[in-house]
Amino acid sequence: MASLSEGEVTNRGSMWELDQNLDRPMDEEAGRLKNMYREKKFSSALLLRLAFQSLGVVFGDLGTSPLYVFYNIFPRGVDNDEDVIGALSLIIYTLTLIPLLKYVFVVLRANDNGQGGTFALYSLLCRHAKINTIPNQHRTDEELTTYSRQTYEENSVAEKIKRWLEAHAYKRNILLILVLIGTCTAIGDGILTPAISVLSASGGIKVQNQNMSTDIVVLVAVVILIGLFSMQHYGTDKVGWLFAPIVLLWFILIGSVGAVNIHKYNNSVLKAYNPVYIYRFFRRRWNSDIWTSLGGVMLSITGTEALFADLCHFPVLAIQIAFTLIVFPCLLLAYTGQAAYIISHKKHVADAFYRSIPDAIYWPAFVIATAAAIVASQATISATYSIIKQALALGCFPRVKIVHTSKKFLGQIYIPDINWVLLVLCIAVTAGFKNQSQIGNAYGTAVVIVMLVTTFLMVPIMLLVWKSHWVLVVTFIVLSLMVEVPYFVACILKIDQGGWVSLVIATAFFLIMYVWHFCTVKRYEFEMHSKVSMAWILGLGPSLGLVRVPGIGFVYTELASGVPHIFSHFITNLPAIHSVVVFVCVKYLPVYTVPTEERFLVRRIGPKNFHMFRCVARYGYKDLHKRDEDFERMLFECVLFFVRLESMMEGGYSDSDEFSSPPPPRSSRLLTRCSEGEAASTVGDELEFLNRCKDAGVVHILGNTIVRARRDSGVVKKIAVDYMYAFMRRMCRENSVIFNVPHESLLNVGQIYYI
């Protein structure tokens, strides 16, 4: 921020100077809380164990693709052996270029301290450039240990890119829209993955009973889906210990069956490892079914984006080990073995996976396949919860209830409202289409859009965060688009064959997220422009012109500085205010988590006899508010800690190292370090006063704001604000519920904002 000239300060007037002195940013407090962590080290044995565990969480979706890929490549059957070899060659090199090279060895490195997905990439960019559309961040936030960022030379490429992104608001909005598109299509994956995986696995019943109706297969799939979504409230931690063995058994099964089929039926399919057959495949099918076939090949890499979104609790090296040693070889064997079987049994392409299994292990294989499909569905459902939690934290999704299902793993959450919406949509897709082909078209469309979004977001990541040479950036984007653009065209051409489903789902979620974010930004801008001057508060005197009644009032605001307009609205209409007033700003930052000891910043507002404080509670997008009794207690104890610390600093206490990493606020050992003179007596009196006020009662004052469009607004804006946003506000959870504020200590202050 540029400094003001002497003339500008003079023109502002003494009241502006007074306001700045009374309400300074919390630079000193943030610096005092700075706490450094060491990077975690993993032993070889631990890495292998984590690589094994990652199988059940990360690779389930990618591993179940062999259930339905060849059927979607050749929905009308196979006429030529070389078509099968060409399709297999496409699968092999698509798996090599996208999951292996692009994601496992490049994109996974762009994680945000272990968190993946489009919002993780966005958070990285927001820390390295001022592109966040809600400007509630301050330089004090950069003091966080989890707030890592790069510095750039004046004329470097990275600095020029940074200035270009920050230059205009429309560029920030385009970037946000790109992120929302990727997020919405990823949510669509959470609907389509369970549908196609479970339906494909259930199809094994009909292979051994050819006279069975398709409706029975669909009914079995629906029953499994209902059971799957009904168990979500238990959390993956309860059954997670089963996931890795199931998926490992699944990969061993498909790899072994594939190797047997290569030996038993036709080892000439090994020619597919020669990329020349890709050229022959395109030349032979260019005027017929090439786009249909490409859409089917696209399904072989479904789950790759979920691999990145589910990146949590596992180091990147563990995932790289699991993919290169187990997943990749087993998938190659599985697809090669299926191709060998199809060449010998061209009429069985529709259910080639189950028909290629030896009769002796058919039913055990069916059970394993169904279990693997459930695991794959669970991975994408969990990823959907995480994505929505990230969107909510960054002001891009209506407030919904979030439940932590594990005390050990912060990332394992459950969202009841979203769970039942996903269930209804998943059943509708499964029962509505009844076949893998149309669901596969919808699934492929969603997957390729997310991949394209990731490719485009990786460009500024490589330039700003990694400071990569432009040659490497161009090489990455050319190789990625060379594969993804043809698949995108193939999926778009099949919109009328089921691909429209993913677009409809993504569009619906996009409208919800964009309208909510737009109104959130406008509401924040209104509060910024209408905030009350601290000089005005000072002019009211210690009583604020009202009766100060015993008790503590926590006034919640989105502003990290200044007094919100809602407070002036409150004291204008009510004749009394509490003896202690604490302005509480709960804000989310573009970091995955904020350490507990760095979460709260507290400072005094005005003279001591005003008994007014400001507390900024900072959270990352993976953090979750504690229950009210914890949050309220932490707020109060942070104020007590600040009062003690303030008295020590005034008393000349100089051991600054004591405060570089403060202990929990409830600790009383700091108080014993105070001098026994007048300062100790003063702080003792104030602490006693604060405790008496707490015993008298705590009231949480929240703003119940109603947003309306101005009368001169356009029709689209009126529909979005007065109807869509108003409906979502009525349907979503109130702030009091999010903060777990009990009704007996809640005071809502209503206002209408016109935007």
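Cβ coordinates come from backbone N, Cα and C, glycine included.
The annotation domain 'K+ potassium transporter integral membrane' is assigned in TrEMBL to 50-537. Annotated domain 'K+ potassium transporter C-terminal' per TrEMBL: 550-755, in sequence order. The annotation transmembrane segment is assigned in TrEMBL to 46-64, 84-105, 173-196, 216-234, 241-262, 316-341, 361-388, 409-431, 443-463, 470-495, 501-521, 533-556 (among others).
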Any contact, the transmembrane segment (409-431) to the transmembrane segment (84-105), with at least 3 Cβ pairs under 8 A: no
Contact ranking winner - 84-105, 216-234, 241-262, 443-463 against the transmembrane segment (46-64), Cβ under 8 Å: 241-262
Stretch-level contact, the transmembrane segment (361-388) and the transmembrane segment (173-196), CB cutoff 8 A, at least 3 pairs: yes
Recorded stretch, among 84-105, 173-196, 316-341, 443-463, 470-495, maximising Cβ pairs under 8 Å relative to the transmembrane segment (501-521): 173-196
Cβ-Cβ under 8 Å with the transmembrane segment (316-341): same-chain residues at least 6 beyond its ends: 42, 47-48, 50-52, 54-55, 58-59, 62-63, 65-66, 69-70, 84-85, 87-88, 91-92, 95, 99-100, 104-105, 108-109, 111, 248, 251-252, 254-262, 264-267, 269-270, 272, 300, 307, 348, 352-353, 355-356
Leading contact stretch, 216-234, 443-463, 470-495 vs the transmembrane segment (173-196) - CB distance under 8 Å: 443-463
Distal contacts, the transmembrane segment (216-234) - CB-CB under 8 A, six or more residues away: 194-195, 198-199, 202-203, 205-206, 370, 374, 377-378, 381, 403, 405, 414, 416, 419-420, 422-423, 426-427, 430-431, 434
Predicted model, mean pLDDT over the domain 'K+ potassium transporter C-terminal' (550-755): 73
Same-chain residues at least 6 beyond the ends of the transmembrane segment (84-105) whose Cβ lies under 8 Å from its Cβ atoms: 62, 69-70, 73-74, 78, 268-269, 271-275, 277-278, 280-282, 284-285, 293-294, 296-298, 300-301, 304, 307-308, 319-320, 323-324, 328, 331-332, 335-336, 339, 342-343, 451, 476, 479-480, 483-484
